[in-house]
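A short worksheet on the structure shown next.
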Amino acid sequence: MFNEILKKVDWHGNMLSLSTGKIARNADGAVLASMGNTSVLCTVVFDKNTKKDIDFFPLGVYYREMAYAAGKIPGGFIKKEGKFSEYEVLVSRLIDRSIRPLFDSNFRNDTQVICTVMSYDPRYSPDILAIIGSSAALAISGIPIVKPIGAARVGIVNDEFILNPVIHDNTGVNELDLVVAATFDSVTMIEAQACEIDEEKMLAAIEFGYKSLKPVINAIEEIKSSIRKDIFEVTARPHLRYNDEILKHFSSDIKSALLLQTKNERNQQLQLIQQKVVDYFSSEANDDDAILNIEKALDDVKSKIFRDLVLQDKTRIGNRAIDEIRPIICEAGLFNTVHGSALFTRGDTQSLATITLGSSTDEQIVEQLNKCERQNFLLDYIFLPYSVGEISPLRAASRREIGHGWLAKKAIQLVIPSKDVFPYTIRIVSEITQSDGSSSMATVCSASLSLMEAGVPIKTHVAGIAMGLVLGEGNKFEILSDISGCEDHLGDMDFKVASTKNGITALQLDIKVQGINLSMIESTFRQAKIGINHILNVMNNTISCPKSELSTYAPMVQTLEIQKEKIRDVIGLGGKVIKELCKTFDVEIDISENGEVKVWGNVGENVKKAVQSIENIVFVPQIGDIFDGEVVKVIESGAFIKYVTGRDGFVHISEINDTHIKDINAHVKLGDKVKVKIIGIDHKNRVKLTLRTDKEHCKNKNEQYNDITTTTGSVKKKIKIAPKEAAVISNRKYFD
């Protein structure tokens, strides 16, 4: 019944299978890509009617993780998959950026790629399979693509390159997470996060991944040959006939406009030129389609003039040199009540970054198929419409904003201190207040500056730069440093590089041509390093090390360690004790299973008092210790005295004073403040107290114990803490 075609390939020790003809047969292309027990169904459908009223390729890519793939039922009130998670959006963009360069430049048909994770094996990540499956589905769909691609993940473990490293392999620390997509002869996409990898090693990793793809691409070609579907015919767009006329009459004006230094000046002049061009062809510009074709022809001419400037005159838009960085202005500490802030301006691109420090309760809980984790470092990128002088509604984060934010986060992640060193939750918000290209890399720079201004102990600055490419005939090309928005639009590449002074922390490559070779990547790295060093120098001149103190508006935290068996005493029955502490001192208390206690609060004095109260609760009482206590209950045979927070002891009527007492109520009343001494502890740890304290004995005890005095409400207590029960609090020793 099914005419299934199945290809299996041994890919560096892992069996990759590609199957088509069994599932989703109404799609133009459908491939089930599997490795281990991970399977991803990739489908492609395109509209057979070409859109004539647009000048872009309408491609939509959607990656979806179904809970059933991991044997789960979605959590929450509604037990089904909801909106796309950030991870799903990021993988969707990863696929899109890998396959978009493959399409014919004249193809303008609505195209949709859907990748669904059908089965999940924790050892194998489905994102690589989604890229491979999408490439295979496109190859058999009838869509005119240049050539199929493969994709691979590369890691570095024990200084060796690993292809598609197993996710939960604990044989060593992975210094690199690199994804490479490529055809037989060129690279189409790169995405990477690294631990300060030098440029030479990164290039070798890219080459390793690129050269590993041959078996995958061969398998896709074999499936394509087996199906032999007719290829959809694409016709050249009619705007091409306007090009020569525009070039002849307006090239000088266009060149002069492109050389203007500011974005606003250029845009104003180019808009005037556009109107002149439309007026020149007024006899033909009688409908929207004709105007669109004329505008597209003008865009082609701008691209040609831009390329001639770069390749022949060795200059570029804004009259800059090929490797020239736009003027940079850095400023740190703009707002007093914000925990940290910085403004980074590069040319007409500007990012305003702010830092907020929070407690462990502010951590982001992220649930994926394979894990549920808490993230204490958050970075949000917000692209504001006024940054490009436009009006648009403010909505939830777009796919582009999510992608740019995650790229900046990956670039900064390496320098963020561990929770052991800096226990705060860190949230960075980067608001793009001006934009003329490379706003994600401006975010990296502003985030790094704001972290130091906030006093977060990062070890060094991270800077980012966007590199461009202009291809000429033959092997001729030029690499551009710090591209503007117009250069991104007219050029062939947007290669974002983030790095410290020691090495690369993040990469992202997008291209508009069919691919680039390793020589171009090497040249990009070499030129990017020079640019990044320049940017780092400017940043270090503004602020070169973290502030020694946090903002007075930031929450304070103190950490102490208690014995595991004492955790229940701090929590209390039904959480009574910990709730009382939080309410009394207006703090948050976080207790881990290993006995680490963190106390958070906005008022430092309250945090210290809460810590002292916890110390009082967990201390080990010793016979002879003397305390200031409070009568909390009186019965016929004696009284119960609260001698520390959460601790009561019993005073028998015979221990009230040295005389015989007939009526205890005549001597002690509820709420009385009394001095008590421990005279006994039974096998159930019940404490027996006496009011008949010996002053001389008290003096001797003060020589053996350290005093800590704390106030809870109107109760003042002096606590005797034995030296052998030492606890470390914020690098200072107290005694428990």
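Cβ coordinates come from backbone N, Cα and C, glycine included.
As recorded in Swiss-Prot:
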BINDING   ASP488, ASP494  Mg(2+) binding site
DOMAIN    555-614  domain 'KH'
DOMAIN    624-692  domain 'S1 motif'
I need the most crowded of these binding-site residues: ASP488, ASP494. Count other C-beta atoms within 10 angstroms of each C-beta and give me the top one.
ASP494
Secondary structure content, the domain 'KH' (555-614) (per DSSP, counts of residues):
32 helix, 16 strand, 12 coil
Can you give me the average pLDDT across the domain 'S1 motif' (624-692), rounded to a whole number?
88
The domain 'S1 motif' (624-692) resolves under DSSP into 6 helix, 36 strand, 27 coil
